[in-house]
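This is the feature table in Swiss-Prot:
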type: BINDING; residues: Glu176, Arg222, His452, Arg497; note: L-aspartate binding site
type: BINDING; residues: Arg222, Asp223, Glu224, Glu490, Gly542, Ile543, Asp544, Arg545; note: ATP binding site
type: REGION; residues: 200-203; note: region 'Aspartate'
type: SITE; residues: His33; note: site 'Important for tRNA non-discrimination'
Amino acid sequence: MHKYRTHNCNELQISDVETEVKLSGWVHRRRDHGNLVFIDLRDHYGITQIVFTDQNPQLMEDASRLRYESVITVRGTVVARSEDTINNTLPTGHVEVLAVEFSVESAADTLPFVINTEKDAPEESRFKHRFLDLRREKLHNNIILRSQIISHIRHLMTASGFTEFQTPILTASSPEGARDFLVPSRMHPGKFYALPQAPQQFKQLLMVSGFDRYFQIAPCFRDEDARADRSPGEFYQLDVEMSFVTQEDVFSTIEPVMYDLFTKFTDKKVSETPFVCIPYNESMLKYGSDKPDLRNPIIIADVTEIFRDSDFTIFRENIKKGSIVRAIPAPKAAALPRSFFDKMIEFAVSEGAGGLGYIQFSETGEAKGPVVKFLSPQQLESLKATASISNGDAVFFASDKKEKAAKLAGKVRIRLGEELDLLEKDCFKFCWITDFPFYELNEETGKIDFSHNPFSMPQGGIDALEQAKTTEELLELTAYQYDIVCNGIELSSGAIRNHKPEIMYKAFSIAGYSEEEVDKRFGGMIRAFKFGAPPHGGIAPGIDRIVMLLAEATNIREIIAFPLNQQAEDLLMNAPSYVEDKALKELSIMLSPSARKNAEKE
């Protein structure tokens with residue numbers, strides 16, 4: 001007989017009755033019934049009930065003193081449970097093991113929180129004792145699910161002709177839009193490596209190297225603040241790059257992967273392929289967001305022209321100054337109490353708006369509300385037609401400069417979807433957002449900057465760049481840039497790449513970079529492009545966000561084995577931490593006085 005186990009704790013069935021077995025695991029629960037002691041023994045696979053009887057009083061007494069989460073090995077005989085004690089919620093619920101002997105492999109101290117329930121525990125304690133937290137069923141299953149998803153992704157990608165690569169972790173800084181994690185070089189004092197924000201340049205260089213289809217389950221490092229769907233330090237993505245492809249080729253390659261994943265690991269309805277494509281400008285108009293949740297049926301409409309010549313002075317004057325008006329329908333909300341509309345106004349104000357106009361259209365078509373008296377009957381009918389409003393609906397209005405009005409309307413749309421319970425249930429709705437602006441105005445400097453990935457190919461190529469003379473014309477340029485969105489969550493960005501040096505130099509010069517700066521920052525890739533680069537493109541769906549959706553987790557930390565907390569700390573391993581002066585000297589690093597003071601305190 002094996003030293004620790006002959007079976008796992010999810011394995012024994014009626015067919016095993018009268019078999020002598022050995023099991024090992026953690027004490028999940030213990031129940032003392034006087035002449036009987038029951039222990040639920042748990043391992044990675046499941047739970048088996050162990051019974052100790054008064055036929056062996058010492059063994060039963062020893063079992064009654066076992067602490068929860070102690071690790072034990074039990075030898076005994078499988079017996080059938082009586083009809084009234086069968087537990088149909090367990091795969092092993094028709095049997096139990098009558099213990100003959102047990103040994104304690106490792107006794108547990110007093111637990112900082114309860115393991116055998118999903119009851120919330122303080123997050124700090126959970127992170128400090130993550131090894132205990134990971135024993136809890138839901139979190140344990142999430143980590144298993146993550147492994148299964150990644151394994152299936154590898155299978156799908158390999159079956160589609162992709163080759164898996166590993167790219168460097170120690171590399172140079174790149175302009176991915178976030179702060180780098182820097183690693184000082186001992187051999188080159190004063191110089192630093194950067195942990196990759198993404199393997200962007202390496203995967204493009206692999207295409208230039210003659211490989212055709214690349215993928216990697218890639219670790220990415222960005223010094224960002226934590227969010228519910230974003231880790232503050234490290235995340236993983238399905239990094240993909242392909243040679244000789246158009247935007248549509250990327251779509252037709254990734255869509256089956258997403259569809260297969262989401263249909264395999266959930267019973268919910270999944271968008272059929274091909275996924276709907278929505279141009280960026282249309283998405284901002286209809287949904288007030290570049291990551292729309294298509295489970296929400298509300299579609300925003302532009303009603304600027306209706307208010308341009310209206311008697312509603314506030315909107316009319318705003319329009320004269322360049323503002324717009326967006327209408328956000330609220331289906332079947334006309335009869336709701338005044339408190340609902342007041343709550344929506346409070347929400348808009350909390351989002352920075354001056355207020356939120358609205359109109360209610362009764363079931364008979366009567367219009368009422370603070371805006372009604374400023375509109376003619378013809379304007380009201382035009383409003384209903386333009387915004388697809390029916391009798392019984394209400395409609396809210398957002399007026400501001402184009403970008404602000406669109407974003408406010410989008411937030412109101414989301415809030416209405418929640419308040420009115422409009423979201424379609426039990427489904428995953430995918431879409432592509434395409435034709436992103438190539439440039440944007442930097443809010444801090446007021447200068448032209450790249451909107452997304454600077455390595456994207458501008459639509460129209462170098463001709464489009466050279467023909468755009470004014471700031472307005474530059475801001476109208478679009479890129480072969482695309483996002484894939486599911487239920488309002490951006491799963492990935494991707495692009496057809498700029499593989500021509502002359503276009504890259506021109507694109508960067510418009511954003512204020514000289515050729516020398518481009519060569520300095522991206523010399524390796526520029527050099528490669530001068531020796532025959534294929535047209536190529538790619539995408540990088542976020543593994544963590546995919547797992548979050550499939551696990552129905554509300555926080556990214558619930559699908560990562562050892563995450564950082566919101567302050568980017570690892571409370572289990574005590575990272576980040578101060579290091580000895582000797583190590584700093586080897587790296588030619590000197591702490592600032594304030595940092596030195598903090599180090600001395602520790």
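Counting starts with 1 at the first residue shown.
Cβ from N, Cα, C; glycine included.
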Between the recorded positions His33, Arg222, His452, Arg497, which lies closest to Ile543 (ATP binding site), Cα to Cα?
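So, of the listed recorded positions, the one sitting closest to Ile543 (ATP binding site) is Arg222.
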Return the residues near Arg497 (L-aspartate binding site) by Cβ distance under 8 Å, restricted to its own chain and a separation of at least 6 in sequence.
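Those within reach of Arg497 (L-aspartate binding site), by Cβ under 8 Å and sequence separation of 6 or more, are Gln204, Phe455, Ser456, Met457, Pro535, His536, Gly537, Gly538.
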What is the three-state DSSP composition of the region 'Aspartate' (200-203), stated as helix, strand and coil residue counts?
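Breakdown, helix to coil: 4 helix, 0 strand, 0 coil.
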Considering every residue in the region 'Aspartate' (200-203), what is the mean pLDDT value?
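That region's mean pLDDT is 95.
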Using a Cβ-Cβ cut-off under 8 angstroms and a sequence gap of six or more, which residues of the chain neighbour Glu490 (ATP binding site)?
Asp290, Lys291, Asp483, Ile484, Arg545
Here are the recorded positions: His33, Arg222, His452, Arg545. Which has the lowest count of other Cβ atoms within 10 Å?
His33
Restricting to the chain of Glu224 (ATP binding site) and a gap of 6 or more, list residues whose Cβ falls under 8 Å of its Cβ, or answer none.
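Within the chain, Glu224 (ATP binding site) has Cβ neighbours under 8 Å at Ala178, Arg179, Arg230, Pro232, Gly233.
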Using the structure shown, find which entry in Asp223, Asp544 (the binding-site residues) has the sparsest Cβ neighbourhood within 10 Å.
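Comparing Cβ neighbour counts within 10 Å for the binding-site residues Asp223, Asp544 gives Asp223.
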Translate the DSSP assignment of His33 (site 'Important for tRNA non-discrimination') into the three-state scheme.
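In the DSSP reduction, His33 (site 'Important for tRNA non-discrimination') maps to coil.
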